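Peer 1: According to TrEMBL, the protein has these features:
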- 62-364: domain 'YjeF C-terminal' (DOMAIN)
- G175, N228, V229, N230, E231, Y232, K233, R234, D297: (6S)-NADPHX binding site (BINDING)
- 268-272, 287-296: ATP binding site (BINDING)
Amino acid sequence: MLVNHGMNQLTSLSIARSYSFAPSTAAVLRRQSFLIRALGGGSHSKFHSTAGSTMQETEADAVSILRGITPTLDPNRHKGQAGKIAVIGGCREYTGAPYFAAISALKIGADLSHVFCTKDAAPVIKSYSPELIVHPVLEESYSVREEERKQVSAKVVAEVDKWMERFDCLVVGPGLGRDPFLLDCVSEIIKQGRHSNVPIVVDGDGLFLVTNSLDLVHGYPLAVLTPNVNEYKRLVQKVLKCEVDDADAPGQLASLAKQIGGVTILRKGRSDLISDGDIVNSVSIYGSPRRCGGQGDILSGSVAVFLSWARQPFVAADRNPTVLGCIAGSALLRKAASLAFETRKRSTLTTDIIECLGRSLEDICPAC
Ligand SMILES: NC(=O)C1=CN([C@@H]2O[C@H](COP(=O)(O)OP(=O)(O)OC[C@H]3O[C@@H](n4cnc5c(N)ncnc54)[C@H](OP(=O)(O)O)[C@@H]3O)[C@@H](O)[C@H]2O)[C@@H](O)CC1
Ligand SMILES: Nc1ncnc2c1ncn2[C@@H]1O[C@H](COP(=O)(O)OP(=O)(O)OP(=O)(O)O)[C@@H](O)[C@H]1O
Ligand SMILES: [Mg+2]
């Protein structure tokens, strides 16, 4: 199978799949053709040969994509129109991960960022930032008696669901933990999000959950999975029933995305690889040699914002917004990591990278 052959394949894909609701204006057509160029044209490709097939991933023109989907700062737009993101995560052990994801969404340009976490994680997350709207609604097994579980679960799911229609994207998993009762409640939240047609980025412990319950995301085109090395290995073993094959990385990634019904997968690594089963793009912009924890959390919050922006009416309807969101998020994180490393060197931390998100986007899409 050949992936992303540039103009011709992208044009035919645009006939086969339509992803948003853009009106057919001259401006839209201009953006459409530039996005086609950005995804396919002029960028270099790598070939991977396996027995019987040749696979190709194309380095995306991430800068053009960022420019194409980032909205202008228009005084006529009201609060909320630049994005309302919700992170489902945060438990006794992990309070940093949901904070990193949620604050990154705001630093990039979302208007509102919510965190739904356990009761004991909430005051800690609130104390990191007054900007976040923190809901202490999730419960772990230790705090719920066996006979109360059904009732508590229904209450937890209802607490999130009453907000659901307002969210442009959910990020499920950063710092969620693996408590079985909590994960059961989160399964129901994913089902509700899907029912409401809200895009869902699944990361961290959310991937542990969906790898063991693939039906939660199977066939949902607005689902994005962002596995790291370990999480990807577990997905490949579970879905493809084999080991990770780096000699045919794009082919295997495309098969995995297809087998899960056309979800989009962003495989994190030295280069990030992105596929929805139809095309495979890479983002290899130089990032940082520091591998401090939390960079994946920045990425999940960033993908959520860009994917929401990629679904706006002014963006071409012919490209999968989940793929555009992944490319933009990956590129911006890597650029910010590189900037942070320039000054912080070995002491670079995730919070330093978050501080560079604004400047990184400003360099590409100036605010005015
Ligand atoms: N500040 C916070 O609150 C943060 C909280 N976080 C949250 O933690 C939760 C669990 O997420 P996770 O990423 O620690 O779990 P997972 O992927 O199973 O890794 C476990 C172990 O696998 C290894 N390992 C990792 N990468 C590898 C590689 N490339 N190649 C080879 N091995 C590799 C490595 O093992 P080691 O080398 O230490 O033996 C690593 O320790 C999740 O909710 C997440 O959101 C994080 O977001 C960070 C910031
Ligand atoms: N070897 C590498 N070289 C350069 N960049 C990398 C490398 N590995 C990961 N990255 C970058 O760091 C980002 C986060 O990937 P990583 O594998 O650290 O995620 P993670 O383990 O989920 O992080 P977290 O600690 O937040 O859970 C990726 O998007 C990628 O751009
Ligand atoms: Mg992670």
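Placed from the backbone N, Cα and C atoms, the Cβ positions cover glycine too.
These numbers come from a predicted model, not from an experiment.
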Peer 1: Cα of K233 ((6S)-NADPHX binding site) to Cα of G294 (ATP binding site): how many Å, rounded?
Peer 2: 20
Peer 1: Mean pLDDT over the domain 'YjeF C-terminal' (62-364): what is the value?
Peer 2: 97
Peer 1: Given the binding-site residues G175, K233, G296, D297, return the subset with CB under 6 A from an atom of ligand 2, ordered by sequence, or none if empty.
Peer 2: G296, D297
Peer 1: Which of these binding-site residues is closest to G175 ((6S)-NADPHX binding site) if you go by CA atoms: K268, R270, D272, R290, G294?
Peer 2: G294
Peer 1: Compare the Cα of D297 ((6S)-NADPHX binding site) against each of the binding-site residues K268, R270, D272 and report the nearest.
Peer 2: K268
Peer 1: Taking the Cβ of each of the binding-site residues and counting other Cβ atoms inside 10 Å, which one has the highest number: V229, C292?
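Peer 2: The most densely surrounded of these binding-site residues is C292.
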Peer 1: Can you tell me which of these binding-site residues sit near ligand 3, meaning the Cβ is under 6 Å from at least one of its atoms: G175, V229, E231, D272, R290, G296?
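Peer 2: The binding-site residues passing the 6 Å Cβ test are G296.
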Peer 1: Between the Cα atoms of R270 (ATP binding site) and V229 ((6S)-NADPHX binding site), find the distance and write it as a whole number of Å.
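Peer 2: Rounded to the nearest whole number, the Cα-Cα distance is 10 Å.
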Peer 1: Which binding-site residues from the list G175, D272, R290 come close to ligand 1, meaning a Cβ under 6 Å from one of its atoms?
Peer 2: G175
Peer 1: Return the maximum Cα to Cα distance in Å (whole number) over the record's (6S)-NADPHX-binding residues: G175, N228, V229, N230, E231, Y232, K233, R234, D297.
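Peer 2: The two farthest binding residues have Cα atoms 20 Å apart.
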